[in-house]
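According to TrEMBL, the protein carries these features:
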type	residues	note
DOMAIN	A:1-326	domain 'Heme-copper oxidase subunit III family profile'
TRANSMEM	A:31-51	transmembrane segment
TRANSMEM	A:80-100	transmembrane segment
TRANSMEM	A:112-132	transmembrane segment
TRANSMEM	A:262-293	transmembrane segment
TRANSMEM	A:305-325	transmembrane segment
Amino acid sequence: MDATAVTTGTEGKIWGGDNEPLKASYGKMMMWFFILSDALTFSGFLAAYGFSRFKFVNQWPIADEVFTHFPFLHGVDAPMYYVALMTFILIFSSVTMVLAVDAGHHMKKNKVIWYMFFTIIGGVIFVGSQAWEWSNFISGEFGAVETKGGKILQFVNAEGEQVAIESFAASLPNDRTRLTRNEALWYESESSMPDYDLAEVVEGFKANPDLLIRTQILTESGEKTILSREASLAKLESDAVGVVQGANLVHNEYGPPLFADFFFFITGFHGFHVFSGVIINIIIFINVILGTYERRGSYEMVEKVGLYWHFVDLVWVFVFTFFYLV
Amino acid sequence: MAHETSNHGSATKRIWTVFAILSVVTIVEVFLGIVRPEFLVETHLFRMHLLNWVFIVLTLYKAYYITWAFMHMEQETKGLRRAVVWTGIFLVCYLIFILLTEGDYIFDVYHDGYISWDF
């Protein structure tokens, strides 16, 4: 006994059902729409970064001066080379991923295994490199002085090269210790203390006549403004309130704290995507080895995780441009 | 699956060609980023120097290849392609326009206002 009408009179019509106008499986289409929404999330972050940068457009840090480290090359000024290398590693892992997808189309299990393996390795190297970038950024390089208005004053020598505060700071008697929760005010504490206090930096600056102060303000040609010796001394005396070493969410020796906030937030969110991509890749990798997709007769899962992995690469292309190049 | 059409050789060849394009573009970007040629920095177009526009165009060029070749967007139907790409592009353009205009306005307030922010 049929409870529902089987014929509707629309068989064979385009609206009669059983049509797949997008010719894509449910899973793949949902992956595309997830990617679209995730792309909009990242665009929101990057546009917010653009907003803050336009707000401080005449005093934003110069990326070439911030990211200058390369592993095993200590003290060598290597602007952007390491980020460029990271970009290559990620693009290359994208290539091995698409090769794995292609091998899956031809049901070549061993090829899929090897290509996915290289993809995972690339992803792990990338996340590790990002952690290394973060640690360099957090620990800082030269140190700076912060003013009442939250601006940063950096130190340069007569040639205009940046000078680290530890190279000239005087050593003065000082009984200030780190505030911990069991001293003074209850529940008030600080996570760390700069290695030098303001008096030591000011004293050292006075003792070295060829040192000058560099402000955040960019000149017409896109370089930071360097003050004269007299103006430097006056600025240091009247405005400086503390020493900053490295960067965190509140203080940033490279310039506006917003730069550090966005750096941590955007590269962190991207790094989290890479990390979860590696985890998902490993799951699919294990399934490929176990022969799950061989039995299923289709490697479409590899294709779906591949879409996500390429998306992570796509986002990095934009992050690379807007954080390191522009 | 929908696209079992292309033979193996040409598909991998396409992948390596795209990899070469992406690599060359990245190298050019890094090179320009380090050298910062003077005529590109000094020429301004729509309130940004030409070098930044070069970076943005090259980035979009790379994004096109990643989406079309690596994510196989070129093999999807027109409907899926448009649903994903145009939705994204339209909303992102809107967002960028609003936020950058607003950021620029706040810069003007800081810069030309009667309050000093540099102390």
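Glycine is no exception: its Cβ is also placed from the backbone N, Cα and C atoms.
With a threshold of 8 Å between CB atoms, the same-chain residues lying at least 6 positions outside the transmembrane segment (A:31-51) that come near it are 24, 262, 265-266, 269-270, 273, 304, 307-308, 311, 314-315, 318-319, 322-323.
Sequence-distant contacts of the transmembrane segment (A:305-325) (same chain, at least 6 residues past either end, Cβ-Cβ under 8 Å): 28, 31-32, 35, 38-39, 42, 46, 49-50, 63, 67, 80, 83, 87, 90-91, 93-94, 97-98, 100-101, 119, 123, 263, 266-267, 270, 273-274, 277, 280-281, 284. Here the transmembrane segment (A:112-132) has Cβ contacts under 8 Å with residues 71, 82, 85-86, 89-90, 92-94, 96-97, 99-100, 103-104, 267, 271, 274-275, 277-278, 281-282, 284-285, 288-289, 299, 302, 309 of the same chain, all six or more residues outside its ends.
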